[in-house]
Each structure stands twice: as structure tokens, then as C-alpha cells.
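Enquirer: Below you'll find the structure I mean.
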Amino acid sequence: MADTPALIPQSDTTPRCWALIPCAGTGSRAGATGPKQYQLLAGKPMVLHTLAAFAAVPRIARTLVVVAPDDAFFASQTLTDARFLVAACGGSTRAASVLNGLNFLLGQGAARHDWVLVHDAARCLIRPDQIDQLIDACWQDDVGGLLALPLPDTLKRESLGRVAATLERADKWLAQTPQMFRLGSLLDALQVAGTTVTDESSAMEAMGLSPKLVPGSAQNFKVTYPQDFCLAEAVLMTRSSGDSAPQQSASEFKRASDMNFRIGEGWDIHALVAGRKLLLGGVEIPYHLGLLGHSDADVLLHAITDALLGAAALGDIGTHFPDTDARFKGADSLVLLTEAARRVRAKGFEIGNVDSTVIAQAPKLMPYMAAMRAQIALALALEVDQVNVKAKTAEKMGPVGLGQAMEARATVLLRKFI
């Protein structure tokens, strides 16, 4: 990367961090009557949740919201943080809005060597600590980078509505935002790449650069389709519930008796048979055998579901989703896990963390661990670092060791303020 120094602006002045939120889209895929970024989620417009996260990051000097020229939304809003700017310079594409916004920032005193974090308005679940994590990871980097997640699902190439091929996913990541680059470098890259690129990283890649991948969160998804609104609102409501819980002050320790802790244990085992998909932790794993069961037989999710229900004294998975009920024939275990978590929270509990183990002789599961954790965290409305998945073999002993079955164990911590 010998040409990098020529592209990256250099200065002796300490760079600042700016945030840029392109907010000029219409949100047609969301099925909303107006721009999706202004739809209410957990009691306030989606974009205001996004802005609140950036307002909580002291290292962000100013946050610019780029809206369409005829957008009057912010004229009716009172932005209490003086660091927010609104510019009616949105373009016909996302990249055009970003390009116009970068030029606007230069007019506001930003320098070419400053950092800019571009973030989708519809990624309203971003958290301040994730923004800080990206800044920490990229501050000394020659190029910059983006939040991203390893691809959790099997990737198919389509032709005429049918599967044409299954693609290798081990090196595939899902790009998220924020994406953090030097303002001048990104401006130059967008001018060269054009305004049809779908993210800032693509423009930088077109310049021959390799942005840094910084692990993000499964919760930091982009609200795109109608069903996404329900999931985003559930996460926001869960966070709101947690934020309203009693807090420990500097002068007062909270006694353990003020909080009700519950620990749940789950276990499950399923036989391996031909002709079934192998699903573990909500991730399809290439293998010549799959797990036999009434539902999709995801043994790991079943163990976690049992642990959740057990900790809340709500029985077990068979009580809530019996295999005698035709409604659960072939059921998606991620859906069952999400519903179990809802019932647990309805009793006033918060989920603290999940620890789990898959016992399988084959195949190798390590390449899929990150994707499993991401799927479980998303289903439970948790951060990825609240979910752990381990893999062990049975040392060729018993039905698991002989490759006839797979087993899973899980432990869950619940807590409730009393």
C-alpha cells in the first residue's frame, strides 16, 4: 500500500471526529406512508434514537444530519444538543447525500484530515460504546474502517428464482455503520467512485484501499422492512426497561437482597440422520447429516430455551411448544427462543448472560461460532458479548462420540429488581 500516504491527508493538528447521518431517503421498502426514519419507535421518531447515541459520545465534535431539500421534519423538532447540525442538501442517492454533507462540513470548519463517521439513520439501535469501539480501532489506522459482522447464514447465488450455487461464507462479512474515514479521503473517493456506491467502504475500496473490519453487534441492523420495526421496538423497550432499573449511587451499595437472581440450566440431545439440514444456534452448517426432531431440531437453541424457561420457573420447552402440536412441526427454533424470552421478560426478568456448549464429534464448529453468537444475541435482544458458545467432542465415546447424535448444554442468568 505504498500509495496510501498520498491519499491520506496528513497534518500536525489533532484531528476531530464528525458524524454524518444521511437522512434524505424515502424508505420505500419499509412500507411506511412517510420516510421510515421519522416513524415512531418506542415513543419517538427512529432518527432521534440514532442521534441520542451519537450525543452520548464526547469525542464526536458535531453531528450533521443531511435531509432532503423539502424536508421540514427538523423544523418542528427541538434539538437540545448544540452539537447537532441539519443541512437540507440531500441528494438522489445515499452517496450523493454523503458527498454533499462532506462539502457542507468543510464549510463549517472541518478539515480534510478530520475523521468522519457516516451512519445510517435507520440503524437506530447503535449504542455509544459501539461508536467508541470503532473510533478506538480506527484512530491510528492508515485507512479507516467500519463495523461489520461475520455472515451468519448460508449464502446462495440465485438464477431465475432458483438456487444456482452455494457460496463459501467463511470470509464473508455483513457491512454495518458507522463507517469511519478521513474526511478528505472519503470526499475524493466518492468523487471518483460516483454516487451509485452503496456504502463509503465501497468508495474507499475503489481507490485500492482495504478498510478495517471492526466487529459490530447483531442488534445494529438497519430497519428496512415492515417486520423490522417490531424487532427494533422490542429491543428499544428492553433497553428502556433496563435503563429505568434502580441504579447504584457512588455513596450507596445495593444489597444483593435488592435483586432477585435466577440461574437456569438446559440440556438437549437429538439424533443425526440423513436428509435433514444441520442447524445449530440458528446457523445452517454444511454437513451430510442433520438433527432429527419435530421442529428444526436446533439442539443448541433448545438447550438455551430450556435454561431460560427453567430460570424463570416456567417449565420447559415441551410445556410451551409441545411436539404433539402441529403448529410447531418444522418450527424455526429462533422464533421459539424469541417467544420464550418474551414470556420470561413478561415475568419481570432481565437476561444477564447465556453460556452454552455443543457436544459433537463432527463437523468442526469453530468457523461458525461467531455467527451462532450473533443469531442468539439478536433473538434474545442482547449484545453479542452477553452470549457465549463453546464446542466440545465426546472423545469418540457414546452415541455423540460415534457421530450418531449431538448434545447441548446451556446456563442462563436472569435478574429482577425487587
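Just so you know, glycine gets a Cβ as well, placed from its N, Cα and C.
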Enquirer: Given that Swiss-Prot assigns ASP268, HIS270 to the divalent metal cation site, pick the one from HIS288, HIS294, HIS302 that the record assigns to that site as well.
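Expert: Divalent metal cation site check in Swiss-Prot: besides ASP268, HIS270, the record includes HIS302 out of HIS288, HIS294, HIS302.
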Enquirer: Among the recorded positions SER295, THR393, which residue has its Cβ surrounded by the fewest other Cβ atoms within 10 Å?
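Expert: Among the recorded positions SER295, THR393, the lowest count of other Cβ atoms within 10 Å belongs to THR393.
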Enquirer: Counting across all protein chains present, how many other Cβ atoms fall within 10 Å of the Cβ of ASP268 (divalent metal cation binding site)?
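Expert: Taking every protein chain into account, the count is 23.
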Enquirer: Using the Cβ center of ASP268, HIS270, HIS302 as the divalent metal cation site position, which other residues in that chain lie within 8 Å, going by their Cβ?
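Expert: So the extra residues in range turn out to be ILE269, LEU291, GLY293, ALA297, ASP298, VAL299, LEU300, LEU301, ALA303, GLU407, ALA408.
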Enquirer: For ASP268 (divalent metal cation binding site), name the DSSP secondary structure in the helix/strand/coil scheme.
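Expert: It is in a strand.
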